[in-house]
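A.B. asks: Sharing a structure here in structure tokens format.
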Amino acid sequence: MRKKNYYLVSDGKLRRHENTIYFENEDGKRPIPINSIYAIYALGSLSITSKAISLLAKEGVCIHFFNRYGYYIGSFYPRESLVSGEVVLRQAEHHLDSEKRLHLARAFVEGAILNMARVLKKAEQDDSDVIASLQHLSSAKSIVELMGAEAAARNAYYTKFDEILKNFEFGKRSRMPPENEVNAMISFGNSLLYSAVLSEIYHTQLNPAISYLHEPSERRFSLALDIAELFKPVIVDRLIFYLVNNGIVTESDFDSRLGGILLSEEGKKKFVRHFNERLEKTVKHRKLNRKVSYQRLIRLECYKLVKHFTAVEKYSPFVMWW
């Protein structure tokens, strides 16, 4: 049975009976065979029995939790079965060595900028202001300078959104709370992507807490933030363009009663359905010479980092080629 992501938008409870997980809510009880679960996204209020947690942990299922506003609040990250002392040591070495860390951070920023430019090109927009930020990368002597170049590129990138989007006005980036519908979708989509990246890291030898562009923190898996930078334009932003310009998401899918503008429950259902379809979408991989899903591209990026840390192959960032 092919494993898939489950998005639980409504409030409910997860229980276990034998080797099946059940999701119970006011609409009834829904069985979820354990061997069909890749990851769970809890977008509503969710309670879980200890027996359910035990089975999910045994099967290596990550559970990602979001608050009522759609913001990521944490993950249940099962005990790692692929842990490698050598890889963790090499990860730590590359973080502690300022030159090695700067090399990886620069690669993440370069990949993010090139992907933003590629997305603009696909949308028939001028990418020259975004590309101009690349010239600052080679001379950057610190993480702060690299993040400044990335921020400049992203600001230039965002100025094109109002030319791409037909039915909503973007203006500028705003967070917590989002000031308009587009910002609400960006924040929600980025949270989903961060969680998807974390799920892929779990299935590799990488330690999710050791990062290079973003500063490690006690309360976040910052390597997922590093890798997510590469995929935000390709997965989240292109999805938003598609949803808006095809009239799939409309003003009725948002709620302004909670302060700011947020996706309603129905809006979240639409978004996660299409987000998951985007993860499952396939492209022909140039090096592997076969079709791989967007979700698999994230895993492959993790493997590239493992190869870099173990001196098998120097890391180069994912850049959209199609």
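Every residue gets a Cβ built from N, Cα and C, even glycine.
According to Swiss-Prot:
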| type | residues | note |
| --- | --- | --- |
| BINDING | E150, H214, E229 | Mn(2+) binding site |
A.B. asks: Around the Mn(2+) site recorded as E150, H214, E229, what other same-chain residues have a C-beta within 8 angstroms of the site's C-beta center?
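C.D. replies: Neighbours found: A105, F108, V109, A112, M147, L213, L225, D226.
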A.B. asks: Using DSSP, would you call E229 (Mn(2+) binding site) helix, strand or coil?
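C.D. replies: Going by the DSSP assignment, E229 (Mn(2+) binding site) falls within a helical segment, counted as helix.
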A.B. asks: For the binding-site residues H214, E229, work out the Cβ neighbour count at 10 Å and name the residue with the minimum.
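C.D. replies: Looking at the binding-site residues H214, E229, the Cβ with the fewest others within 10 Å is that of H214.
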